[in-house]
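Peer 1: Copied straight from Swiss-Prot:
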BINDING   260, 319-321, 336-344, 358-361  UDP-alpha-D-glucose binding site
């Protein structure tokens with residue numbers, strides 16, 4: 001092994017991308033390597049507590065330039081609706097001079113990126129190796145981001161007849177297609193021009209999709225494993241939730257969260273609340289206030305709060321999701337199946353019910369429910385609407401001990417969890433990935 005290397009990280013300005021990049025940075029720093037993490041100034045405060053090695057991981061703040069159409073002060077994807085994503089993308093591209101100045105001054109060995117398609121070209125000029133690092137699933141990349149791919153249509157040779165879109169997914173495809181064409185160009189350009197492809201996944205879950213991407217791009221795909229964060233024992237579950245959950249029997253509580261990007265329409269939000277009530281089980285729902293509402297309370301169905309006051313909570317702020325999933329009282333996780341939440345569900349003991357909204361979430365859902373058969377998807381109408389009855393039926397089907405479907409997904413989930421948490425599996429991915437990077441840097445230095 002040669003000397004330690006210095007890596008730059010430049011992820012898309014969304015916390016769903018920056019946070020797993022920082023988890024990877026922690027793994028590199030744990031092995032003695034240095035990381036310079038480029039991000040918007042506003043994002044630094046929210047990420048600092050995830051930095052376990054502040055002496056080796058240095059945040060390098062970028063000034064986000066003004067772009068017509070981008071609201072004043074918006075610096076991350078959580079500051080804007082999805083429809084304004086193209087303006088944040090334009091602002092990211094305008095940071096190129098700042099990024100290049102940092103590369104010139106600090107001379108890293110590697111630079112990790114995802115949507116900034118111009119990084120490989122810039123990196124080559126400075127003799128830096130570029131690594132495109134995906135924090136979305138391999139199935140999404142295989143379905144959407146191979147050369148010549150078309151939104152919603154599986155490409156030739158795609159390795160699954162189950163991980164696909166259905167007719168009622170048109171609502172999500174339509175929403176995403178607003179800026180899909182440009183995003184597709186950015187990512188496929190990055191894939192074609194980068195030195196190495198890496199994905200936050202493991203072959204036990206997505207091996208055939210990784211093999212397919214390798215064949216399409218004719219280069220090795222490096223896997224990091226899911227890069228789950230280390231448990232933060234210094235920050236136990238808030239007393240508010242610990243005391244509330246302790247009231248209920250083991251495995252009886254439904255926990256529902258739909259990610260930071262999803263804001264429901266008011267009528268769909270109310271249907272979600274009523275579906276939870278219909279199960280008759282205790283529940284904790286953590287979602288953003290719906291469109292047109294400033295608070296959760298003003299949007300709740302009439303009489304709902306009084307009816308569920310002893311066994312149901314709807315919360316509009318951030319919660320400690322991994323710690324809630326680990327609480328003995330929680331037995332079911334209703335999730336949008338974003339890639340991070342997907343992994344958290346797989347290594348939990350909870351039954352899994354899926355309610356996807358965005359394109360990659362839909363494909364992750366089909367992987368989980370149809371390919372791996374470890375979860376149940378909530379049935380939707382052609383418009384994308386789900387009813388309180390369909391939500392309640394999905395939850396009841398996995399929570400009922402006598403349900404044939406519930407027993408099937410419970411058995412399959414338990415087997416898969418056993419594989420994923422087996423000693424050495426996930427650390428093995430990290431070790432091999434870091435060793436490969438070290439060899440890449442050593443070989444480059446010998447050129």
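Yeah, the Cβs are placed from backbone N, Cα and C, and that goes for glycine too.
Owing to the predicted nature of the structure, the values given are computational and were not obtained by experimental measurement.
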Peer 1: Is it possible to get the count of other C-beta atoms within 10 angstroms of the C-beta of residue 260 (UDP-alpha-D-glucose binding site)?
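Peer 2: Counting Cβ neighbours of residue 260 (UDP-alpha-D-glucose binding site) within 10 Å gives 17.
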Peer 1: Give me the long-range Cβ neighbours of residue 321 (UDP-alpha-D-glucose binding site): same chain, 6+ apart, Cβ under 8 Å, in sequence order.
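Peer 2: Listed in sequence order: 257, 286, 341, 344.
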Peer 1: Give me the non-local Cβ neighbours of residue 338 (UDP-alpha-D-glucose binding site): same chain, 6+ apart in sequence, Cβ-Cβ under 8 Å, ordered along the sequence.
Peer 2: 16, 259, 358, 360, 361, 364
